[in-house]
Amino acid sequence: MAETEGFGDSGSKQLFAGLSNVSISGDIPVEGEITVPMASTSQEDDLSTLDEPVKDTIMRDLKAVGNKFLHVMYPKKSTTLLRDWDLWGPLVLCVSLALMLQGGNADSKDDGGPQFAEVFVIIWFGAVVITLNSKLLGGTISFFQSLCVLGYCILPLTVAMLVCRLVLLLSHTTASFIVRLVVVTVMFAWSTFASTAFLADSQPPNRRALAVYPIFLFYFVISWMVLTFNTVS
């Protein structure tokens, strides 16, 4: 054992003998940083809403919905609707449009119940069908991103419905119908253009027409419902 320990000590001395004359000059600064950056942790803390007041959370969500409304009214190639998707805005627009379509001649006997259900089902079922068609054609966006865009782009038609109701309160003449026709046509084109501006780039170039055509039909059906609405006389 003593011989083994002596052999080990001599081997260690020979191994580190060459390092005994190595020195670091005082003129050469030794630089470096051994601290671990905490940027990712701070970002996660900023995004956490566990300690955030409910009022701040609601105001932030309302601001996000308002920003998406602006993107629809001024459509351009942007990823805001796709990146920060939500279904609160589409739900509000769908309910608002269905409520404004109540009270027409077609559903006066039923007190507007079926009309509300028709609008609600047409909008959401149509959006789901368009989304599935987009995915089957090779679209690159997710299911809920497509629903978000299609739902938010109902905003122009909701505005058209509001204008049509105001016009019908004034008169039921041919001139009022022409005004409603112009408003609905413009808003229909606006909704179609806005939705395709967000969704067209997510489709393969040779299949974009197949993806845009159902969107055209979707907003055309909603526009027809808005145009043919007539209050109870």
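Every residue, even glycine, has its Cβ placed from backbone N, Cα and C.
According to the topological domains annotated in Swiss-Prot, TYR74 and ASN230 fall on opposite sides of the membrane. Within the chain carrying the transmembrane segment (209-229), a Cβ under 8 angstroms from the stretch's Cβ atoms is held by residues 97, 101, 104, 119, 122-123, 126-127, 129-130, 133-134, 137, 139, 150, 153-154, 157, 160-161, 164-165, 168, 180-181, 184-185, 187-188, 191-192, 195-196, 199-200, 203, all 6 or more beyond its ends. Residues of the topological domain 'Lumenal' (164-180) grouped by DSSP class, helix first, strand second and coil last, total 14 helix, 0 strand, 3 coil. Distant neighbours of the topological domain 'Cytoplasmic' (202-208): 82, 134, 137-141; these residues of the same chain sit at least 6 beyond its ends, with a Cβ under 8 Å from one of its Cβ atoms. Under DSSP, the residues of the topological domain 'Cytoplasmic' (133-142) split into helix, strand and coil as follows: 4 helix, 0 strand, 6 coil.
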